[in-house]
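**Q** Submitted below is the structure of interest, expressed as structure tokens.
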Amino acid sequence: MPRAPALLTNDARHQFTCCLCLHVRTGTIIFGITQIIIQLVFISFLFLMTFNPRLIPEDNHGNTDPSEDKIRFYVFSTLFRLVPAVSDIHESLTLPSPGTRNVNGNKLYLGHNVESETNFNYDIPPGYKDDVLVDVNNMSPSLVSYTQKNERGSHEVKIKHFSPYIAVCVTTFSLAFCCFMVHGAITKQPTHLLPFFFIQVFDLIICLIHILGFMSSTSDLRLMIHTKTGPIYIKSTGFTFIILSISCMMLAFKAYCLGMVWDCYKYLMLNRRGNLLDDWYSDQWGHLSTFWSLLRAGRNRGNNSIGNSGSPNEPNTRPRPEPITYDPANDLPKYEDILKIPANAYAPPPYYCSNINGNVNTTEASAVTTNTSNSATAANTTTTTTNTGTTTSVISTLTTTNKDDTQINSAPSNAHSSC
């Protein structure tokens, strides 16, 4: 087990980790395959309800006894919540059935788009202040007459008509986007993850709005639980706590999956830029992270930017040089030994080498050329010195000869003058 301080660092091993020990790419693929299976099962149920309308839970054709239909309604609502955005879009686009009539044969209005409910406005006894007694069949005649009086004789039953066609369309699009996500995670194409990611963002926002709406209308929802024909005693505080706990757990799970898909998108983008070593860490199965890793989900929310390739905490795909080993034989020579070496013992390095493999040959050729040039320069200097010496000796000889001739010529003139 790794220590807790090691999990707080920006190590690349824990940077893209989810579900305690899985890589974000593996978790995204598993999540996408699970969503595909759930959506295929849901589409199968929708096709069955399309060809067999008796399976539709809300279509009770005016029957006010909601004991059996409400059970199926809440079961299907739970299944709707497993598929992103299906339940929310379906609730906003469905209308009551045009031919639906109530018990007295009065036709329902199309403007009502709320769930099946009856307005029971009766006083709760003092003994049931914290308990809500829901018993429709065993109501006293006075309460029934009082309820009918408040309904002003309309006896209008608001029934929501289920439309499987809208749900099939929404689920098909969600299934296609989920297939894109799995394909993008497998083939390392990050742009294929964005459509399903946007659906997840939309579903998370709608789920949060539903939770806030439930918190503001808890007292109205207590009267909607009609799962049995007999009386049901429900604690209002306990019922509110259970519903809020389940809703918060679903919201946290959706937020976790949303962050996992986003981390997979960032990982694929970095992998495309070439800033990661490899896809699957070889030692990711060699340890199990602590509970802190579950809370942080391997996400790095620090101040450093992940997209910056110059960060020292990021892994790199460039080939790493071999570590330099200390060898006394290859160490630098002493200063006295350097002074004993002649100045032209080594040729200067070449200015440019286009061929990396031929650096040694080019250096040797340059050294030979330089030595040859130095020899030629020395020979030219010797020749020049010899020529200079010869010329100087010739000039001195000619000067001596001219002096002798001058002396010979001046001798007769001196003799003539003496005479």
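Cβ from N, Cα, C; glycine included.
Taken from Swiss-Prot, the feature topological domain 'Cytoplasmic' applies to 1-28, 187-193, 262-419. Taken from Swiss-Prot, the feature transmembrane segment applies to 29-49, 166-186, 194-214, 241-261, supported by sequence analysis. Swiss-Prot lists 50-165, 215-240 with the feature topological domain 'Extracellular', giving sequence analysis as the kind of evidence. Among the features that Swiss-Prot reports, region 'Disordered' is placed at 303-328. If you look up Swiss-Prot, you'll see 303-316 marked as compositional bias 'Low complexity'.
In terms of burial and nearby residues, how do these features look in this structure?
**A** Over the topological domain 'Cytoplasmic' (187-193), the average per-residue pLDDT in this prediction is 89.
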**Q** At a C-beta cut-off of under 8 Å, are there same-chain residues at least 6 beyond the topological domain 'Cytoplasmic' (187-193) that contact it? List them, or none.
**A** 28, 180-181, 261, 264-265, 268-269, 271-272, 279
**Q** Could you tell me how many residues in the topological domain 'Cytoplasmic' (187-193) are helical, how many are strand and how many are coil under DSSP?
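**A** Final tally across the stretch: 5 helix, 0 strand, 2 coil.
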